[in-house]
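Enquirer: For 12-34, 87-105, 111-129, 173-193, 200-221, 255-273, 285-304, 310-334, 346-368, 374-396, the entry in TrEMBL reads transmembrane segment. Among the features that TrEMBL reports, domain 'Major facilitator superfamily (MFS) profile' is placed at 16-413.
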Amino acid sequence: MQVDNQVSPGKVPFFCSIRYGISVFLLLCNVIIMSQRVCMSLTMLAMVNSTEPRGSSNTSTKELQDNIKNPVYNWSTEIQGIMLSSIFYGVLISQIPAGYLSGIYSLKKMIGFALLLSSLFTLLLPLAAEFGEIWVIICRVIKGLFQGVTLTTQQVVWIKWAPPLELGRLTSLSLSGLLLGPCIVLLITGLISDSLGWPMVFYIFGACGCALSVLWFILYYEDPKDHPYISIREKEYITSALTQQNGMLSSLPNLFAWILAVLAGYMADIFQTRNTFSLVTIRKLFTLLGLFLPSLFSLCLLYLSSTFYATVIFLILANSTASFAMGGLMINVVDIAPRYYGFLRGITNVIGLTGGLIASTVTGIILSEDAESPWLKIFLLMIANNMISLIFYLIFAKAEVQDWAKERQNTYL
């Protein structure tokens with residue numbers, strides 16, 4: 001008779017568990033990150049509420065006191081826009097390196113130090129504003145780098161801590177902090193600015209982040225089996241669940257793909273709104289990222305994946321970075337032919353499905369006929385297809401409505 005030693009999830013508490021505590025902790029981490037990111041959008045009203053030079057001769061004593069509490073700056077609307085969007089450049093740049101390094105270095109140190117440094121640069125922002133707008137931009141770009149590290153690496157925590165049947169609950173709870181953070185900022189930033197001055201907004205959110213990072217270093221452990229306060233029942237439940245299923249690892253590419261897709265769409269709109277690049281350049285840029293990066297990480301998978309974690313990371317990056325195309329070729333049809341978008345989208349879907357069928361067939365043939373290095377040929381074939389498609393797109397892509405897609409009115413005599 002076979003004995004089932006797996007611990008039933010019904011016998012293991014969820015709300016009073018270490019894994020639930022980690023999810024709540026990451027929720028708070030995301031709340032702080034978003035608070036540090038968004039608060040300047042509100043304090044900007046107080047930071048530039050004067051157009052007169054500071055320290056003018058007719059300034060009253062009360063105005064001088066208010067100016068010490070709420071310093072004001074003569075920043076143009078263009079500079080303000082650059083300041084507010086600069087943090088996203090840091091977030092964008094750090095995504096891929098953070099994903100790679102999370103498979104090599106300690107998550108405890110990466111998340112802890114990234115949160116700490118993001119908080120320190122939040123504390124430094126009022127001082128940076130005194131030195132000039134360029135220092136504010138640099139400060140926010142650097143802060144965005146560390147926030148991008150935190151946002152990316154925290155998902156890798158669940159490789160060892162989330163039983164497959166609880167992955168949805170744990171990740172959704174932690175990621176909900178990204179929505180709760182702006183809500184908290186909107187509620188309290190105005191009150192803090194009015195009563196204590198706008199610099200205190202950055203000091204409070206920065207200090208909270210520093211305190212949270214210290215708690216992270218103290219309370220978080222990389223593996224359930226090493227945690228000193230976890231119950232034996234919960235430890236056995238997590239380890240047995242992860243031993244019997246690798247489903248969570250299979251879901252990570254989709255999770256990262258979703259994050260990058262949202263980021264790509266948002267950044268494309270930011271570039272267009274700020275007139276950073278022309279529309280056709282934006283489409284080509286995100287198409288380049290969406291086709292080149294998967295090819296690059298596929299090569300890394302073939303030649304640099306010497307360990308299990310390196311293989312997992314490169315697989316995730318190779319699949320998820322294709323989402324950058326969401327800001328490029330995936331919506332380019334709307335630019336060139338909005339009148340026929342539904343029809344053209346249907347055609348491209350048919351072509352895509354046909355390509356999927358052909359790829360599956362070719363893969364099966366290669367696997368059956370080549371016993372030595374079939375996956376090398378399959379990956380190289382995929383990379384070649386991506387590069388040919390990318391070159392074709394970069395040469396011929398347009399972003400303005402084409403003549404054949406414009407509305408025409410018939411004139412009758």
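The first residue you see is number 1, and the count goes up from there.
Any Cβ shown, glycine's included, is placed from N, Cα and C.
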Enquirer: Examine the transmembrane segment (255-273) against the transmembrane segment (310-334) and state whether at least 3 Cβ pairs sit under 8 A, considering only residue pairs 6 or more apart.
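Expert: These two segments touch.
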Enquirer: When each of 111-129, 173-193, 285-304, 310-334, 374-396 is checked against the transmembrane segment (87-105) for Cβ pairs under 8 Å, which one has the most?
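Expert: Comparing 111-129, 173-193, 285-304, 310-334, 374-396: 310-334 has the most Cβ pairs near the transmembrane segment (87-105).
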Enquirer: Which stretch from 173-193, 200-221, 285-304, 310-334 shares the most C-beta pairs under 8 Å with the transmembrane segment (111-129)?
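Expert: Ranking 173-193, 200-221, 285-304, 310-334 by Cβ pairs under 8 Å to the transmembrane segment (111-129) puts 200-221 first.
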Enquirer: Please indicate, using numbers and ranges, the residues of the same chain that are 6 or more beyond the transmembrane segment (374-396) and have a C-beta under 8 Å from a C-beta there.
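Expert: For the transmembrane segment (374-396), the nonlocal Cβ contacts are 284, 287-288, 291-292, 294-295, 298-299, 301-302, 329, 359, 362-363, 366-367.
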Enquirer: Sequence-remote contacts (6 or more beyond its ends) of the transmembrane segment (200-221), Cβ cut-off under 8 Å?
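Expert: Same-chain contacts beyond the ends: 21-22, 25, 28-29, 32-33, 35-36, 39-40, 42-43, 108, 111-113, 115-116, 118-120, 122-123, 125-126, 189, 192-193, 227-228.
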Enquirer: To what whole number does the mean pLDDT across the domain 'Major facilitator superfamily (MFS) profile' (16-413) round?
Expert: 84
